[in-house]
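A.B. asks: Per TrEMBL, domain 'Disease resistance N-terminal' is recorded for 328-411. Look at TrEMBL and you will find 475-643 tagged as domain 'NB-ARC'. Per TrEMBL, domain 'Disease resistance protein winged helix' is recorded for 729-796. Residues or ranges marked as domain 'Disease resistance R13L4/SHOC-2-like LRR' by TrEMBL: 885-1072.
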Amino acid sequence: MFCPLVGLQNRPDPSGKRNNKDEEMDVVMQFCNYLFNSERGDFRKEVASLLTLFVDATTKLKDKDAVKSFFPEINAMLVEIASLFEVNCRKGHKLDDSPQCSELLTRICLLRAELSLMAQIHNMSEISSNSSSSSSMLSDWKDISRNLSIYSKNLPLEKIEGGEKMLAFTESLFQEVESLHQSFRDKKINGCVMKNSLLLLFFKIVIFKEESFLTDLLLLESGNDATSMASGKDRIALHLQKLEYFPLILSDERMKNTEDIFRAFKPIEVFFRSLTSLNYSFLIAQDEMILSFSELLDKMNQLMKAKLKKIIPQFPLFAFPTTFRLNFVDSLSRNLVELLKYDPVSIALAKHHIEEIQRHLQSLSSFLVDVSKLQIEEDQELKDIGKQIIHLAYKAEYVIDSIEVDAQWQDFFWLNDVLGELRLVNEKACGIQLTIRDAKVLDPKNVTQVSHDTFPRHGTPAIDEIVVDLRDQEEMIIDMLTLGPERLDIVSIVGMPGLGKTTLAMKVYNSKSVMYCFHQRAWCTVSHAYEKRRLLIEILTGVHGLTDEIHQMTDDALEGKLKEALLRNRYLIVMDDVWDAGAVNDLKKAFPNDSNGSRILLTSRHRSVALEIEPDSVPHSLRQFSEEESWKLLEKKVFKGESCPNELVAVGKEIARQCRGLPLAIVAVAGILKMTEKSRNSWKKIANSLSSQVLNDPEAQGQSVLELSYQYLPEYLKPCFLYMGVLDKDKDILVSKLIQLWLAEGLIPKTQTKSFEDLAEEFLVELIDKSLVIISRRRSNGKVKACRLQSLMLDFCKSKTKDANFFQLVTRCDDPYASFPSSDYGFEFDFYHHLSPVSFASYRLAVCLKQNHFLESRPSGLGTRSLVFFASTDSETRWPYDISFILHNFKLLRVLDFECIDVASFPVEIGLLIQLRYLAVGGYVTSIPQSLGNLRKLETLIVKGLRGKIILPNTIWRLTSLRHLHVKIHVAVNLDDEESENSSVLENLVSFSRLSLPCGQDAERILKRFPNLRKLSCIFFESQDSSTTRNQFPMLDFLTHLESLKIFYFGTPLKDGKFNLPSNLKKLTLSDFRLPWSHMSAIGRLPNLEVLKLQSGAFEGQIWEMKKEEFQRLKFLSLDTLDIVQWNASCDHLPTLERLILQNCKDLEEIPAEFANIYTLEMIEVHWCSESAEESAKKIVEETGDIKVLISCSNLSS
């Protein structure tokens, strides 16, 4: 094949040095004289300019590959020139006269422009240092644009439109190049932006030429066939769409100033040139080999696919969760709708891709709903497509969120790949007919599928329903506690997991006789990996109440404080789930032996541990249930005390027998039976499932029962259950926090009839009702305040969490933390500097380590969405920590719980985490940065400050998604801030604590900005305003949704103590108002009030004279630290009271005797009051026999 450029490119250099400019021009002119036989004209001029530029670039630029990539196209043009020269000479015409020659000249001009751009891109140093070089380049561009204008006037008729388009395109490019050079000279842009912007223009030229070439080829092949033309144009558009992604990425302002983007796109530049080379190779060879338009396009796409595979980094390897399929896809689809609605600038380039992805996810969500109604265990195709859908959904979430947060150029290509895969899988899913022939449909009568709008609202099970008819064992333990020796004694309950050790201990702990016997009681859970400090705080909290002072005390001080609190008191300490003797031995110094009958009750799986702790005492071994006891428990759980139908008794007893006497297994199976149809066939299927896994080991059989119970859980409850396995770190799980985390993780679906919080609470009730979760504490209104998992259930839950990649639990036993110094102080100061940063691939992280161990390991998680930290010690750190680097290393976090880390300050970088839904920080926080306003998706904000008041930034009003805002110790709004005056209200905020407000109209003005509050804890302080509204209780009746209100007051007594409260209020706590009892009527008339707590001088005066027709729905009343002496009331004043608590009311003479006639009254607690008040409580109990009484008095001794 003729190749005119070979001799020119390979011209020998005798000196071995590069030729100077004159030598290069001589060589070019000699070549042109040879080629054009000394004929002058446009061709000679254009070719000379092109070749001069080419030779100059060859000799000056270091990147030889970039220059060589032009060789095939220049060579093809010279071949075409030679061919035209020969034809015109035969006809006696000049070379420049024909329209075909003008067309070729326009292409040469465009190639000159392209080559000029490439030279500028790779020679930025010369442009920076030499202004004449920049002027010379711009002069060349003017010459190109001027010549194009001339040549385009003599084009063939069918090419005139294309020529005008090329002229307009080139002139536009010239203007952009000129503007860039001017901005660069004026130092408005740096070299990086200049280089990337020139690269963008280079890509535009290549794409323009690609479109022109393919359109010409299509026109040549299709002729006048409209169908072929339309189809071909669609294929060209799809091909160009892939190419246009590169300039689109470079057009993003975030990319232009990134040096990495040029290095990454350098091989793409060569790839683009290779496409042009392919085109012109085709032109040269078309006489020898014929490629159709379709074949050439296929070849281009194959080349593109192969090249991009080498250029684009592989998608990171993440451990995506394998559970929560249906709800996750649905949740992601809804999140994308919100993202597109908000339409941030950051997703502009990807908007159309995201829109299509959302449509595919919506379609696939419907498909998964249909699949969920089928049993697909035997249908491998459906199982595989389900896995593929969830994996692609997680990939799409990662890429889209990455683009929104901090786009990298490869993200856009990954997004395109995910979209392509979703198209295929959606097409495949749409082709599957889900019928009974394809899979076995579950009979809706067999499994109860509860819709989100029909969850049970009441009926939360009580704790003591779990164990049935163990009165003999309960009485035995009570006797050992109350009738044993006077010395401090240790009583042990031992047995395998699932037998009910904790439940039996709890029943004993809450029994009347034990309450009467012991002045102080406390409960702590030890578990396998215990910490002495945590146990001390847990016990002190039960004995003394939790205070900030306790958290800040040293271990030795805590030990002394506990010993002082227990001294001269008959006490009972329960230590649950003890694994070795060390836990008890570590605390023995804190347990005084006053020979007054004090006891320690411990539970353990191991009899040997109990004997090691107390060799002289025989542990009580909790036996397995008999078959009859097992059946009675199962029957009670399933039928709620009613008798089982006769036709189910036999199969029911068989199911109970297969539980091998483990109460936990029995109640778990009961949870399954309650969901199934009460028919013999349905129960027989469950019996068969159990019998197929019957094991000789009762503990192993218990695990298999738990597995079956988990499989029968509705899909929406499984992730909620798994989440509890992470939060249950040997402590009670606070329900409020659990629900807020469920919301942030997207585990709670949106419904039209219920709030997120109400639905989440119903999810929890359902888990409790299925006996998977234990209630550990209740609120004053009877709702669940804290919960936990039984130890065997917790082990199972953690195992499932790990298997499903739902959470990764990081502890002291994991690398590299196992090698870290155990002491906070005794290590070498350079220990951490020799460590490599720790990288995590998990979707969610739960970290239980020392604060310094975790932070000094410089952790990162590219795809981590949740980071929950549990400090392995509650001790105050020697210095607060800077966590700003965490915010750079975990950019996609949705949940960040650093409440247990003492941060030095609230980092400004928090504004980077725009995906956050849940944020909790603790430590020496005194202010919140303005950047918080960037977190438009934030739903929960918790700030656990250690010092005084925190001022909210004025950007808080931008957080329109915020639902829960809790700041400790208290938080204030800038009343003088202009933005807070004019911004929109926080309509979604439902709970807020502790807001600090002045009395009067200022408080009303601020609170009106939270119109939908359901729970509010605030501080009212005396206003400095001199107006008539100064020092008055604010009007709060406009908060029509408010159900719970807690108010602390600081200042002189209010001038006008008139309360104006919302009629919907159900729970009210007042403190330090020092109002006369006559003001109580406004509270008593609240029609829905169920809980009332009066604390620390809320009301003053020796006599409280209650009035009729007040407090008609009150169920809970607490009086704490009041100076009341005489309480005049009868049963008619509190007709629905269930629980009465008196604490530190040392002057109160007695509880009204008529309270014995309140038939709803269940419990009276008297703590640190007068002896006469205690005696009056005992008389009420003696009179009724049904009311429980709990009395605590720190002054009592044996």
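Placement of Cβ uses the backbone N, Cα and C atoms for every residue, glycine included.
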A.B. asks: Top stretch among 328-411, 475-643, 885-1072 for CB pairs under 8 A with the domain 'Disease resistance protein winged helix' (729-796)?
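C.D. replies: Going through each listed stretch, the top one turns out to be 885-1072.
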A.B. asks: For the domain 'NB-ARC' (475-643), what is the mean per-residue pLDDT, to the nearest integer?
C.D. replies: 88
A.B. asks: DSSP-wise, what's the residue breakdown of the domain 'Disease resistance N-terminal' (328-411) into helix, strand and coil?
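C.D. replies: With helix first, then strand, then coil, the domain 'Disease resistance N-terminal' (328-411) has 73 helix, 2 strand, 9 coil.
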A.B. asks: According to DSSP, how is the domain 'Disease resistance protein winged helix' (729-796) divided among helix, strand and coil residues?
C.D. replies: 30 helix, 12 strand, 26 coil
